[in-house]
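Here's the structure we're looking at; comments come further down.
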Amino acid sequence: QDGRSSFIGHQLGGVMEVPNSKDQRVKSARAIQITYYLQTYGSVTQDLIGEKWESEFCKLMHKMQLDHQDLQLYSLASFSLWKDFHQTSLLARGKILVSLMLILLTATLSSSMKDCLRSKPFLGLLGVLTICISSVTAAGIFFITDGKYNSTLLGIPFFAMGHGTKGVFELLSGWRRTRENLPFKDRVADAYSDVMVSYTMTSSLYFIAFGMGASPFTNIEAVKVFCQNMCVSILLNYFYIFSFFGSCLVFAGQLEQNRYHSIFCCKIPSAEYLDRKPVWFQTMMNDGHKHTSHHETNPYQHHFIQHFLREHYNEWITNIYVKPFVVILYLIYASFSFMGCLQINDGANIINLLASESPSVSYALIQQKYFSNYSPVIGFYIYEPLEYWNGTVQEDLKTLSQGFNTVSWIEQYYQYLRVGNISATNKSDFISILQSSFLKKPEFQHFKNDIIFSKAGDENNIIASRLYLVARTSENTQREAVELLEKLRPLSLIQSIKFIVFNPTFVFMDHYGLSVTMPVLISGFGILLVLILTFFLVIHPLGNFWLILSVTSIELGVLGLMTLWNVDMDCISILCLIYTLNFAIDHCAPLLYTFVLATEHTRTQCIKNSLQEHGTAILQNVSSFLIGLVPLLFVPSNLTFTLFKCLLLAGSCTLLHCFVILPVFLTFFPPSKKHHKKKKRAKRKEREEIECIEIQENPDHVTAV
């Protein structure tokens, strides 16, 4: 009505044009997008008033939607993204408690046995509580140091639990491998010497990998904050397991040595006393075997997971008829992983970080549906005095905005001068006509907010100004918007015109340029670190080689499969990829190094012993980890759903490699075990010769025997 001429192509969606019209006239549009700018002057009071206004505006839009069912109204204010991003934390509170209960239950049951003397349900329970206490301590340190909470930190309890419970279950397995006739202090010492070296190494790797993410070299603030918290959690995990859980293990060992019940903490009665009691009492108080069979080599073999692995699984997985199917399974796994890696999408969608049913998600979906043909409106801010009347400056501005549709006072003003045949080639004429004529007209009055004037004496100056740019894009708006940023920002550094470009969505787009390279760099550094650490620990070089192959296979598998599962490379998925590297090393390293250092006659026997030694701890930890993820499915948030997908893939791929792929591949690939067989034969022959000499020299020795 006021005669204003402006580009509104980006504000119309679902456009139908008038048929056969020469100038592309609009017949109808299914959607219209209207933008309101609130004017504030930087004061705290103005910001509070603006926030209050936006809140009331969103409430009004919701009320209008209820009153006018024939219209679909969606609103997005400046605080909406922040609010809906943090809403995930509120929605996930109850589900995280359920997750903790499930992990406690799984750990308790998996640590139990029928043998009431050797069963350790309370140690499984205390192990999980140890990780919880360390996580709460880490959170306390974070908030004391003025840490800023965000919803990505929801992943920390799951990350810490996955690593911490591995140490707990390995210590329990180490305890089961010790000899029962030793004093409980010696048994605890043997368990520590058996387990804590590898756990120290993997904890160091976690600390260094997340330390890289927490370093100043990481320019993604959310990743940096997360990694800082994760480093503190890993450090506290290690010391709590080393000290608190170690004390619990000593106490449980003392109870076992003194023949106390593992649950009721009462003295286990003698066999004669039990024989006179009912069956239910014998079942509750039985120590698992008769006193006459106490010379059994290892009563802990009756643990249900160890029994299953020893009696059933080990024989099945090393069967010659099973191996071809495992090879085919791995080829399928590798092909799908490779296919997914070729389709990685490094353009993140804002929706993936927000609560599912939030207003911001509804708004974003409609915007993508109807307004994806144009980029977001980019604010182009010139923050220094400029000679706008100079022809060279005008050409530079035209070059910078080339390819964009512009909403600009500069273009309109130049057009106004040309139409009126007005000359404004010097500063005084240019500013005088701009203030006294151009900005007074109704159709141009809205440009007043786009120019900041300053007055020095009688002279006026333009100290800053802004214009808006809109680019025509294809369906892949997100990727093209990132490319626009990558083109515009370098120009702001090299051009004579000093400017910045901004849109609220750039906050989410900014860091995704590094979303693929960053986890790859950290993963590569982590693998190199494993090589260095294992080299100094003088571990078998083939073990290092197998570990690198396994970790690479798991990492690429998770990366490829999560891409096929429509997971974008956002902040959460980047962190999960960093975690997958460490999680894979945590579980594969003990299994592989036990295999390569084993001295049995055959590879098959070596892998059976390795699975028997570490399989129980791996299965206990991964099953607890995966069961703990289930409640995340019921949180109505895309962020937690992404977390669930990535961690489920990490746990599943690690389990697949530890229990299926490695046990088969290690039976027909190096290292060979023939040299161990020769050494044993040589030792046995030498021992036989010595025994013969002893018999010849001292015949009485034979009768003594």
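Even glycines carry a Cβ here, placed using N, Cα and C.
Since the structure is predicted, the reported quantities are computational estimates derived from the model, not experimental observations.
Summarising the annotation, TrEMBL assigns domain 'SSD' to 96-251.
The transmembrane segment feature in TrEMBL is assigned to 90-110 (among others).
Taken from TrEMBL, the feature transmembrane segment applies to 122-144 (among others).
Per TrEMBL, the feature transmembrane segment maps to 156-175 (among others).
Among the features that TrEMBL reports, transmembrane segment is placed at 196-214 (among others).
Under the heading transmembrane segment, TrEMBL lists 234-252 (among others). Residues of the same chain lying 6 or more positions beyond the ends of the transmembrane segment (234-252) and with a Cβ under 8 Å from any Cβ of it are 120, 122-123, 126-127, 130-131, 133-135, 137-138, 160, 163-164, 167-168, 171, 175, 184-185, 188, 191-192, 196, 199-200, 203, 206-207, 210, 262.
The annotation transmembrane segment is assigned in TrEMBL to 520-539 (among others).
The transmembrane segment annotation in TrEMBL covers 546-566 (among others).
Per TrEMBL, transmembrane segment is recorded for 572-596 (among others).
Feature annotation from TrEMBL assigns transmembrane segment to 617-635 (among others). Sequence-remote contacts of a segment are chain residues at least 6 beyond its ends whose Cβ falls under 8 Å from one of its Cβ atoms, and for the transmembrane segment (617-635) they are 88, 91-92, 95-96, 98-100, 102-103, 106-107, 110-111, 128, 158, 161-162, 165-166, 169-170, 172-173, 305, 309, 587, 590-591, 641, 643-644, 647-648, 651-652, 654-655, 658-659.
The transmembrane segment annotation in TrEMBL covers 647-669 (among others). Beyond the transmembrane segment (647-669), the same-chain residues lying 6 or more positions past its ends with a Cβ under 8 Å from any Cβ of the stretch are 155, 158, 162, 313, 317-318, 322-323, 326-327, 329-330, 333, 546, 550, 553-554, 557-558, 561-562, 565, 576, 579-580, 583-584, 587-588, 591-592, 595, 603-604, 606-607, 611, 615, 618-619, 622, 625-626, 629.
Sequence-remote contacts of a segment are chain residues at least 6 beyond its ends whose Cβ falls under 8 Å from one of its Cβ atoms, and for the transmembrane segment (572-596) they are 152, 155, 159, 162-163, 166, 170, 198, 201-202, 205-206, 209-210, 213, 220, 223, 226-227, 352-353, 515, 518-519, 522-523, 526-527, 530, 539-540, 542-543, 546-547, 550-551, 554-555, 558-559, 562, 606-607, 609-611, 613-615, 617-618, 621-622, 639, 642-643, 646-647, 649-651, 653-654, 657-658, 662, 666, 671.
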